Amino acid sequence: MKNIVVSGALGKMGQEVVKLVDRTDNFKLVGAVDVAKVGEDIKEVLNLEQASAEITNDLGETLEQVEADAVVDFTTPQVVMGNIKTVCEAGVDIVVGTTGITEADLNKVKEFADENNKVIIAPNFAIGAILMMEFSKKAAKFLDDVEIIEQHHDGKLDAPSGTAIKTAELIQENLTPKEDEREEIEKLEGARGAEQDGINIHSVRLPGLVAHQEVLFGGEGQTLKLRHDSINRRSFMPGVALAINKLDEIDGVVYGLDNLIEL
Ligand SMILES: NC(=O)C1=CN([C@@H]2O[C@H](COP(=O)(O)OP(=O)(O)OC[C@H]3O[C@@H](n4cnc5c(N)ncnc54)[C@H](OP(=O)(O)O)[C@@H]3O)[C@@H](O)[C@H]2O)C=CC1
Ligand SMILES: O=C(O)C1=N[C@H](C(=O)O)C[C@H](O)C1
């Protein structure tokens, strides 16, 4: 049995994780942390089958009061680093889905996580998105002109998405560096998007969207488009469950679900 605390339990993703814990036999909800509805029972708030926990607003204090094996964090880019530190200091394992974690942040986590801490950070838990990233990495061996277009709901705080950043990092591993780049004239700043590892990323935010990404490759007389769509947030839950179950098998910090499955 895994005793789980969900951090960001009332958010769009947090609610799905709480429901996942509620319906999974070897998971038990022992804590629900968020900033609203403090003192209320999450069972009533989310109309759960069996899971029950008083909503609290201090992750550190909560970990002192309950016997937790793992925390699952889907909060905000502003608070996630503090949460990871708090959980590591409490000697509890953590699965992090919150995005906005930079390479420098990742290095900081590796510094403060000691040999007993198990940390899984994944910018995307949807298996289709992992495959889209893997296929993009493969395609970059053959086509070295590529741009990323990511589209998300208008409630998303960070841009570009964590998935787009991770995709660019993976593509870059296989991309042949280009010489004599054309000097472009950008008449409107940002028109060509942002750049990560030399790859342009375009971020769209609109109501009605959930999470979507296209990786567009171009070559002589041809294009290749790799597209993934999460049409609801349940799409991420098998990946979250996999990560929680893999915590026992890993050492230290793992970044990306691709490192937990055989591709
Ligand atoms: N890795 C993946 O597969 C996925 C990652 N994400 C990422 O997960 C994160 C959350 O996304 P989403 O659920 O859509 O966002 P939401 O804004 O819906 O949820 C975030 C929740 O965290 C709460 N919160 C804010 N501060 C704290 C705090 N200090 N302690 C506890 N809870 C806090 C928020 O409260 P309030 O709103 O009142 O401020 C809110 O309820 C984002 O970074 C997103 O990019 C999303 C989908 C998939
Ligand atoms: O905020 C979201 O919704 C999502 N965030 C993650 C990201 O930034 O890549 C994963 C997914 O795209 C949904």
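From the backbone N, Cα and C atoms, a Cβ is placed for every residue, glycine too.
What TrEMBL records for this protein:
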ACT_SITE  His152  active site, proton donor/acceptor
ACT_SITE  Lys156  active site, proton donor
BINDING   Gly8, Ala9, Leu10, Gly11, Lys12, Met13, Asp34, Gly97, Thr98, Thr99, Ala122, Pro123, Asn124, Phe125  NAD(+) binding site
BINDING   His153, Gly162, Thr163  (S)-2,3,4,5-tetrahydrodipicolinate binding site
DOMAIN    3-125  domain 'Dihydrodipicolinate reductase N-terminal'
DOMAIN    128-260  domain 'Dihydrodipicolinate reductase C-terminal'
Neighbourhood of ligand 1 - binding-site residues from Lys12, Asn124, His153 with Cβ under 6 Å
Lys12, Asn124
Might you list, by sequence position, any residue in that chain lying six or more from the residue listed as 'active site, proton donor' with a Cβ less than 8 Å away from its Cβ?
Arg205
Between Lys12 (NAD(+) binding site) and His153 ((S)-2,3,4,5-tetrahydrodipicolinate binding site), the C-alpha gap once rounded to whole angstrom:
11
Using an 8 Å cut-off from the Cβ centroid of His153, Gly162, Thr163, can you name the remaining same-chain residues around the (S)-2,3,4,5-tetrahydrodipicolinate site, in sequence order?
Thr99, Pro123, Asn124, Glu150, His152, Lys156, Asp158, Ser161, Ala164, Ala211, Gln213
From the DSSP assignment alone, can you count helix, strand and coil residues within the domain 'Dihydrodipicolinate reductase N-terminal' (3-125)?
44 helix, 28 strand, 51 coil
Return the member of His152, His153, Gly162, Thr163 nearest to Leu10 (NAD(+) binding site) in space, with distance defined Cα to Cα and candidates limited to these recorded positions.
His153
Could you measure between Ala122 (NAD(+) binding site) and His153 ((S)-2,3,4,5-tetrahydrodipicolinate binding site) for me? Cα positions, answer in whole angstrom.
19
DSSP three-state assignment for Thr163 ((S)-2,3,4,5-tetrahydrodipicolinate binding site)
helix
Smallest Cα-Cα separation from Gly162 ((S)-2,3,4,5-tetrahydrodipicolinate binding site) among the recorded positions Gly8, Asp34, Asn124, His152 is shown by Asn124
Recorded positions Gly8, Asp34, Thr98, Asn124, His152 vs Thr163 ((S)-2,3,4,5-tetrahydrodipicolinate binding site), shortest C-alpha separation belongs to Asn124
Please give the maximum pairwise Cα distance, in Å and rounded to a whole number, for the NAD(+)-binding set Gly8, Ala9, Leu10, Gly11, Lys12, Met13, Asp34, Gly97, Thr98, Thr99, Ala122, Pro123, Asn124, Phe125.
22
Listed binding-site residues: Gly8, Leu10, Thr98, Ala122, Gly162, Thr163. Which have a CB under 6 angstroms from an atom of ligand 2?
Gly162, Thr163
List of residues, in chain order, with Cβ under 8 A from that of Asp34 (NAD(+) binding site) and at least 6 apart:
Ser7, Gly8, Ala9, Leu10, Gly11, Gly14, Ile55, Asn57
His152 (active site, proton donor/acceptor) sits from Thr98 (NAD(+) binding site) (Cα to Cα, rounded, in Å) at a distance of 15
